[in-house]
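Chemist: Sending over a structure as structure tokens; questions will come in a sec.
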């Protein structure tokens with residue numbers, strides 16, 4: 001009798017009606033399939049920053065997204081910042097953060113803290129988060145393997161703030177081919193051996209170009225490029241390279257968005273297929289961008 005009851009229950013479960021939620025799940029998987037096939041063994045560089053780094057729930061969503069992208073064969077490179085945590089540690093150590101034109105003034109003492117926080121703490125937290133979701137991440141900075149050579153920005157008025165002088169991706173290619181996820185902090189040495197702090201957006205863009213990446217994705221605290229910075233509904237979903245330059249020239253793109261768009265422009269000019277500025281405050285925004293028809297945020301197109 002018990003066996004008959006179990007069989008009846010099993011039969012009932014098999015014949016259970018398909019719900020709307022079930023249909024949505026199937027639809028999502030079906031929509032994702034061509035993108036999974038398209039981006040298998042392709043390289044995507046992701047700049048991880050903003051609220052997605054500060055909020056624990058968003059952090060976990062990003063780590064899951066990165067693990068999923070890697071598990072279906074996408075070759076992922078993660079570049080990260082960590083400004084808020086740097087400020088917290090400077091405060092703990094009694095060092096007052098100083099900024100000029102939006103950039104941190106980085107003397108030797110401050111640079112020691114920047115390197116400690118970015119490379120020793122934030123980087124390892126990200127590596128651990130990805131590893132906890134079943135993938136193998138490797139923590140690096142620009143110094144490792146001569147990955148990035150820095151050049152002091154401008155006339156040195158910002159101290160040890162640098163820009164990218166050279167990129168050598170030799171250390172990255174074998175890691176990517178073996179399925180590892182390189183996680184890179186934006187600290188690099190200049191030719192004279194001095195550590196420099198480089199804007200993480202800039203590092204991500206230059207790495208994307210050097211790696212011949214399919215996409216550059218910047219996680220931000222904004223929906224994307226807005227025609228009116230105070231109106232989220234003015235989001236520009238797609239824009240060509242020439243149009244992006246015009247928005248900067250006209251002053252529509254300004255302040256914190258300007259260096260991000262400039263980063264996209266430089267990477268596209270060097271052969272990256274597409275650059276995306278997306279809202280990292282939206283859970284699973286990476287998957288929405290890569291694996292759905294509609295995408296999310298702003299796509300800056302380099303071709304056509």
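Yeah, the Cβs are placed from backbone N, Cα and C, and that goes for glycine too.
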Chemist: According to Swiss-Prot, 82, 83, 104 bind substrate; which one of 168, 189, 197 is annotated to that same site?
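Modeler: As annotated by Swiss-Prot, 82, 83, 104 share the substrate site with 197, chosen from 168, 189, 197.
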Chemist: Would you identify which of the recorded positions 47, 104, 260 has the most other C-beta atoms lying within 10 angstroms of its C-beta?
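Modeler: By the 10 Å Cβ neighbour count, 47 comes out on top.
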Chemist: Please work out which residue of 82, 83 has the most C-beta neighbours within 10 angstroms of its C-beta, and give that one of the binding-site residues.
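Modeler: By the 10 Å Cβ neighbour count, 82 comes out on top.
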Chemist: Quick one: give me the count of other CB atoms within 10 A of the CB of residue 197 (substrate binding site).
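Modeler: Cβ-Cβ neighbours of residue 197 (substrate binding site) within 10 Å number 27.
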Chemist: Take the C-alpha atoms of residue 47 (site 'Transition state stabilizer') and residue 82 (substrate binding site) and report the distance between them in angstrom, rounded.
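Modeler: Cα-Cα distance, residue 47 (site 'Transition state stabilizer') to residue 82 (substrate binding site): 11 Å.
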Chemist: What Cα-Cα separation, expressed in whole Å, is found between residue 83 (substrate binding site) and residue 260 (site 'Transition state stabilizer')?
Modeler: 16
